[in-house]
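Enquirer: This is the structure, below, for whatever I ask next.
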Amino acid sequence: MVTLNTGSLFYATFNAISYFYMVCSWGGYTFIINLIPMHVLLCIVTGRYSSRLYIAYAPLVVLGTLLAALVPVVGFNAVMTSEHFASFLVFIIIHVVALVYYIKGILSPRMFKVAVTLVLSVGM
């Protein structure tokens, strides 16, 4: 909550360390690592994306996964099992959304529409 309100990388790192502690102490950590991406995805879908959401979520996934891999019981399963795929999928989605917002801020509204049309045409 503090990370979303402040957008501080310090608190985002603290969230990842807290997640690491949870991985070390509780086998049900996968419930949490699936609830957080669902919340982030819901925020994106409802139009509540902000750079603070990005700052809160991206370090949690990267640092949290790296730290979770250090736990002997979890190991490389933090990357390989399907239990964690939701967090990685939302991680990719939030990067795409951040890129779109960044490009939208740089281009004029007319040029942004042209760019979107071009990307969708090439994508199809």
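Backbone N, Cα and C atoms are what each Cβ position is placed from, and that goes for glycine too.
What you see is a predicted model, and the numbers here were worked out from it, not measured in a lab.
Straight out of TrEMBL:
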DOMAIN    5-114  domain 'Oligosaccharyl transferase STT3 N-terminal'
TRANSMEM  20-42  transmembrane segment
TRANSMEM  54-79  transmembrane segment
TRANSMEM  85-103  transmembrane segment
Enquirer: Where DSSP helix means H, G or I and strand means E or B, what are the helix, strand and coil counts for the domain 'Oligosaccharyl transferase STT3 N-terminal' (5-114)?
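Expert: Helix, strand and coil residues of the domain 'Oligosaccharyl transferase STT3 N-terminal' (5-114) number 89 helix, 0 strand, 21 coil.
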Enquirer: Please average pLDDT over the domain 'Oligosaccharyl transferase STT3 N-terminal' (5-114) for the predicted structure.
Expert: 91
